[in-house]
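Scroll down for the structure; my scribbles are underneath it.
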Amino acid sequence: MFGFDPSLITFTIYIFGMLLIGVLAYYYTNNLSDYILGGRRLGSFVTAMSAGASDMSGWLLMGLPGAVYLSGLVEGWIAIGLTIGAYFNWLLVAGRLRVYTELNNNALTLPEYFHNRFGSSHKLLKLVSATIILVFLTIYCASGVVAGAKLFQNIFSVEYSTALWYGAAATIAYTFIGGFLAVSWTDTIQATLMIFALILTPVFVLLSFADTAQFSAVLEQAEAAVNKDFTDLFTSTTPLGLLSLAAWGLGYFGQPHILARFMAADSVKSLIKARRISMGWMVLCLAGAIGIGLFAIPYFFANPAIAGTVNREPEQVFIELAKLLFNPWIAGILLSAILAAVMSTLSAQLLISSSSITEDFYKGFIRPNASEKELVWLGRIMVLVIAALAIWIAQDENSKVLKLVEFAWAGFGSAFGPVVLFSLFWKRMTSSGAMAGMLVGAVTVFAWKEVVPADTDWFKVYEMIPGFAFASLAIIVISLLSNKPEQDILNTFDKAEKAYKEAK
């Protein structure tokens, strides 16, 4: 297993490269602001690539291609919804959140921003929001651990229980050492590696056919064999089903690990440039992932002898294509892209979870006067604790990356998405409204499948839709029933809005 294996050598070089960046970032990390937000000094390119890489986890190279391989282009509605959601997140939220968090006592985390934005005399809002982050991000981290474990299990033929630790170890190490700067710098490299793999692989799958006519003919045979039209965007679904797939885009407004990239940018103007870079990267990556899943259908239909692994485990489709179509050295680089996707998102989520405990729980409730050095080291220790919990959740070998991501994505989108949007655009919003929105959104996501009868179409609706809608309604109703915010809060809101418009 550990002889002269080009894939192993490539992986090792890649991991050591990431660790080296972590060590370099260590020397730029002097205080908690550096560890959590990199001192708010990220440029447009790093912001764009870091936001993209921390967003598109192992789901991009495993979950989405696997879903398309299994069901066809109808799964592309997820990509359509995500693209629209990401664009409006950059357009509506990015610049405002950068300005508003800085003017609200230089808030370093979402819970701290909510607390400062609404001027709560008590810290219950911070406590509830930090708890929601820990619950859903730990589940989200588990999806990254599962993706990494399946990669190591496939490549090196080790037991899943062993692969869990291999997949998580490198990510934990450079996040522990370097904090936000390490995560952002490595994200930039990893985003480049991901787009390289996602463009190259579908092209080589197509080139494996004599011409497009042969490709089309084999695809038609594959469709006839299962009586399914893989190229139909509307096949085997309902309007509610399509809405559920497209509703993934709503989740962007509430993802802490993505919003942190906006907060860390050096200026609003750099965010405008970053939006163009990030959206271009995202469209190419999603198109490549869909292409991998779709083109793999006729490829493996024409080669049934090598299709066993993919037919049993569709999420392995990219891994199998990389191993089959490329020499071991190139395959090792391409497969490192999966590790890159896993590491980039997992590291971002570990850091947000760690900062939530350090800044919002420890400094907020236990030791308000803790030194910067103490807080940074506590943050590092919390990275280890959250990672251990994620590994424990990921113990089930049958866990699906897409399902874990789907649940956590809905949780954040419903609990935080409406609160973030209303906090930036409606100054009449109150702390009671924010609290109601968070709780209603989070509870809806957990309760939807338990309350709605399984034999109805509503059971199949993605939890994001009712969660986002009910949370928004709760914010409006409770805010209007509450006393108006204090004048200082209204003045800060106006000041932030003015600063944002001047900074554009």
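Backbone N, Cα and C define each Cβ position, glycine as well.
Lifted from Swiss-Prot, the feature list:
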| type | residues | note |
| --- | --- | --- |
| TRANSMEM | 8-28 | transmembrane segment |
| TRANSMEM | 50-70 | transmembrane segment |
| TRANSMEM | 73-93 | transmembrane segment |
| TRANSMEM | 127-147 | transmembrane segment |
| TRANSMEM | 163-183 | transmembrane segment |
| TRANSMEM | 189-209 | transmembrane segment |
| TRANSMEM | 281-301 | transmembrane segment |
| TRANSMEM | 324-344 | transmembrane segment |
| TRANSMEM | 374-394 | transmembrane segment |
| TRANSMEM | 405-425 | transmembrane segment |
| TRANSMEM | 434-454 | transmembrane segment |
| TRANSMEM | 461-481 | transmembrane segment |
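Stretch with the largest number of CB pairs closer than 8 A to the transmembrane segment (281-301), among 50-70, 374-394, 434-454, 461-481: 50-70. Using a cut-off of 8 Å between Cβ atoms, the transmembrane segment (189-209) and the transmembrane segment (324-344) share at least three residue pairs, counting only pairs 6 or more apart in sequence. Long-range Cβ contacts of the transmembrane segment (324-344) within its own chain (Cβ-Cβ under 8 Å, at least 6 residues beyond either end) map to 5-11, 14-15, 18, 50, 53-54, 56-62, 144, 147-148, 151, 155, 167, 170-171, 174, 183, 186-187, 189-191, 193-194, 196-198, 200-201, 204-205, 208, 306, 318. Taking every listed stretch (8-28, 374-394, 405-425, 434-454, 461-481) in turn, the largest tally of C-beta pairs under 8 A with the transmembrane segment (50-70) is reached by 405-425. Through the fold, the transmembrane segment (405-425) approaches residues 57, 59, 63, 92-93, 96-97, 100, 110, 113-114, 117-118, 129, 132, 135-137, 139-140, 143, 248, 250-256, 259, 433-434, 437-439, 441-442, 444-446, 462-464, 467-468, 470-472, 475-476, 479 of its own chain, all at least 6 residues removed from its boundaries and within a Cβ separation under 8 Å.
Within the chain carrying the transmembrane segment (73-93), a Cβ under 8 angstroms from the stretch's Cβ atoms is held by residues 55, 64, 67, 230-237, 242, 245-253, 258-259, 262, 271, 274-275, 278-279, 282-283, 286-287, 289-290, 293-294, 420-421, 424-425, all 6 or more beyond its ends.
Between the transmembrane segment (374-394) and the transmembrane segment (127-147), three or more CB pairs separated by 6 or more residues in sequence fall under 8 Å, so the two stretches touch.
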